[in-house]
Amino acid sequence: MTFDLFDSLPQDAPRAEPIVPGAVVLRGFAREHEQTLLDNVRAVASQAPWRHLVTPGGQRMSVAMTNCGQFGWVSDVTGYRYEAADPLSGQPWPAMPDAFLALARDAAAAAGFADFRPDACLLNRYAPGTRLSLHQDRDELDLRAPIVSVSLGLPAVFLFGGLARAERPLRVRLAHGDVVVWGGPARLAFHGIAPLADGDHALVGRERINLTLRKTR
Ligand code: MD6
Ligand code: FE
């Protein structure tokens with residue numbers, strides 16, 4: 001029998017980096033589908049345009065957002081919620097692209113969450129300087145399901161805190177193609193994005209796009 005060391009060390013297998021129990025970064029997991037994902041982002045935004053939502057406190061969010069799938073996350077002065085129709089058009093959100101579903105299912109499975117079937121995808125767009133302040137994602141009814149988060153374009157610093165807002169967050173660099181899967185004991189952790197550094201990504205330009213895929217009910 002021959003034994004080739006390199007058979008057991010695939011050079012191009014995505015590396016899985018645990019952040020905290022329940023949360024893992026799959027480095028480069030989305031890279032091979034980057035063009036399809038970006039084409040789909042463009043198609044979604046042509047039907048349901050990027051917009052700056054207002055928080056219940058009356059602040060305009062600096063991150064631009066849109067949605068696809070059966071439900072979309074919206075915020076206004078009355079609160080946060082998931083809605084089946086885009087409030088701008090009254091029409092259903094654009095359908096979830098197959099490539100989003102497949103990537104979410106594969107990433108969740110790689111992180112130990114079998115059979116993940118998201119019914120919502122929130123798309124976030126960051127220009128240089130844009131940040132997302134610390135928050136919890138708790139508008140979903142089934143908190144046993146994980147969230148799968150895909151980073152495209154400019155790199156960002158993900159702030160990963162604890163279950164209390166006051167806990168000092170870890171800083172994790174997320175680059176183009178990285179996928180974060182989090183659930184279990186991390187599901188309600190506070191998190192955010194530090195102000196985006198300026199740069200020019202070869203494929204995406206001067207912005208960062210994030211997709212977060214959720215099971216809302
Ligand atoms: C972002 N992400 O990466 C913002 N939420 O632009 C999130 O707020 C987020 O990455 C829940 C789960 C994963 C995430
Ligand atoms: Fe979040």
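Any Cβ shown, glycine's included, is placed from N, Cα and C.
Together with TRP73, TYR80, ARG81, TYR82, ARG165, TrEMBL lists one candidate of ASP106, ASP137, ASP139, ASP142 for binding substrate, that being ASP139.
Together with HIS135, ASP137, TrEMBL lists one candidate of HIS176, HIS191 for binding Fe cation, that being HIS191. Taking TRP73, ARG81, TYR82, ASN124, ASP137, LEU211 as the candidate binding-site residues, the subset whose CB lies under 6 angstroms from any atom of ligand 1 consists of ASN124, ASP137. Within 10 Å of HIS135 (Fe cation binding site), counting C-alpha to C-alpha distances, fall none of the binding-site residues TRP73, TYR80, ARG81, ILE209, LEU211, LEU213. Cα to Cα, HIS191 (Fe cation binding site) and LEU213 (2-oxoglutarate binding site) are separated by 16 Å. Sequence-ordered, the extra residues of this chain that approach the Fe cation site, with Cβ no more than 8 Å from the Cβ center of HIS135, ASP137, HIS191, are LEU134, GLN136, ALA189, PHE190, GLY192.
Put simply, LEU213 is the one of the binding-site residues ASN124, TYR126, ILE209, LEU211, LEU213 whose Cα lies nearest to the Cα of ASP139 (substrate binding site).
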